[in-house]
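These features come from TrEMBL:
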- A:16-359: domain 'Aminoacyl-transfer RNA synthetases class-II family profile' (DOMAIN)
- A:D89, A:L90, A:T91, A:R119, A:Q133, A:D137, A:R290, A:Y294, A:Y295: L-histidine binding site (BINDING)
Amino acid sequence: MARPTPLSGFPEWLTDGRVVEQYVLDTLRRTFELHGFAGIETRAVEPLDQLLRKGETSKEVYVLRRLQEDADGEPAVDRSEKQLGLHFDLTVPFARYVLENAGRLAFPFKRYQIQKVWRGERPQDGRFREFVQADIDVVGAGELPYHYEVELPLAMAEALGALRDVGVPEVRILVNNRKVAEGFYRGLGLDDVEGVLRQVDKLDKIGPDAVAELLRAEQGATPEQAKGCLELAAISGEDVAVVERVRALAASYDAVTELLETGLGELAALIEAAARRAPGVVVADLKIARGLDYYTGSVYETVLVGHEQLGSICSGGRYDTLASDGKNTYPGVGLSIGVSRLVSRLLSAGLVTATRGVPTAVLVAVTDEAHRDRSDAVAAALRARGVPADVAPTAAKFGKQIKFADRRGIPFVWFPGQAEEDGTVGPDQVKDIRSGDQVDADAASWAPPAEDLFPRVVPAAAE
RNA sequence: GUGGCUAUAGCUCAGUCGGUAGAGCGCCUGGUUGUGGUCCAGGAGGUCGCCGGUUCAAGCCCGGUUAGCCACCCCA
């Protein structure tokens, strides 16, 4: 068989990359749990009609089909109802889970969920067809207090901040509020809020002039209205002064609405709390739009400082009608980290590295196959005390056995004591192959320095 | 789904005017009689993505196809 090539969009790391990813996942999980989020996992598939509730994303859904499925078995209409698709995010499955288990959950319900998702998109740098998301959400029954819109991004800021000491860059959480945008646009006389948001979202890529032109051509905006949209989008800042600037702008266009005022009140509360609890992390940015149509309040996008081109690594917002059975609604707010996007950048940009790609701290050399059992015994003694140990695959020359360890990043090689001519057995020795230091050692008591016991994740510059 | 670019050794890449395939790194062996890394010597490894066409002759030119990268769309 010809050598297989990697499938674009389906990332697979080598073992040291996986060490980094696993560290990221462990760190996120620990922070989520510190904040009281309970972990769940949902099935990989949802009925297609559930998945399509999100709107324009239908083209991206991978549908599930049995190889043996007979084409003429059932009527097409019947099948479409039962058709399954792989979930393309964790929010929609979570909404379904909440509805399904509403009677057994305690509200407000806080959960984290770390799973793979699938999207049939064209892959690119940082964009995958199969990737891991790490979500936190909180949903209420009937209503959800606004303060969760403040707490969720701060929890995420803490989770991402916990990765700083292994070399992950600073993050900026950019926030906006749908009520502000919608209130302003409607006050301006623009009713196609979705369309306006979509155009404004392109600002960074195509520039203000092009956006103004699109607003005129697509949304039928007057030059004056387009100008207002651009002026709103230009506002950003870390303190509550931005709220006054928006209010003043709206007043100058005579576009103040009740909805705008509500949104500004919420945005002010978020900015004010964030400035106090996580200074410098949360920035109000009135051009943050978010394509998804179910957001109703705060919206969030997160960039890695210095890697803004990568796009958002953590996004989310407030939604009020996603989980609804017609009788009860369960409004929620949540954010989702693109773990694969983050990790791929950490590895490709050489920001973070693992001290080694194997767990093994000690390789026990084998003097000759007749005495392999002595090496096995040493490894067993080390493992019994929690030291990851492996035994050399062959009784090759010691130079080769050391090389075996070196290529894997295993820091120590253990040499079982050799029989002398008088029949006595010399002491075991352990060698630090980085320094070359070799000392007598006893497998019943020796241990490597704590920092060598397990692979560690460190800033790449330090290596 | 649309457009542009690319495809040669395990990796990164050169390959002139169309004339039978190269480098660096990595790997293997030996120098080193059971202690790696440096150094020296030697060696293995290629259907030039695939199919077809032009030509005496194609890695190179032409057509198709597949895959990859980038941009759009959308988004983590």
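Note: Cβ is positioned from N, Cα and C throughout, glycine not excepted.
Overlay of TrEMBL annotations on the structure.
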residue	record	DSSP (3 states)
A:D89	L-histidine binding site	coil
A:Q133	L-histidine binding site	strand
A:R290	L-histidine binding site	coil
A:Y295	L-histidine binding site	strand
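Within the set A:D89, A:L90, A:T91, A:R119, A:Q133, A:D137, A:R290, A:Y294, A:Y295 that the record links to L-histidine, no two Cα atoms are more than 21 Å apart, and one pair reaches that distance. In sequence order, A:D89, A:L90, A:Q113, A:I114, A:Q115, A:K116, A:V117, A:S336, A:I337, A:G338, A:V339 make up the list of same-chain residues 6 or more apart from A:Q133 (L-histidine binding site) whose Cβ falls under 8 Å from its Cβ. Cβ neighbours of A:T91 (L-histidine binding site) (same chain, under 8 Å, six or more residues apart in sequence): A:D135, A:D137, A:G316, A:Y319, A:L322, A:G334, A:S336. Around A:Y295 (L-histidine binding site), taking its Cβ as the centre, 23 other Cβ atoms fall within 10 Å, counting all chains. In this view, A:D89 (L-histidine binding site) is surrounded by 18 other Cβ atoms within 10 Å of its Cβ, with every protein chain counted. Within the same chain, residues at least 6 positions away in sequence whose Cβ sits under 8 Å from that of A:R290 (L-histidine binding site) are A:N176, A:L197, A:D201, A:V299, A:E301, A:S315, A:G317. Note on the domain 'Aminoacyl-transfer RNA synthetases class-II family profile' (A:16-359): mean pLDDT across this stretch is 89.
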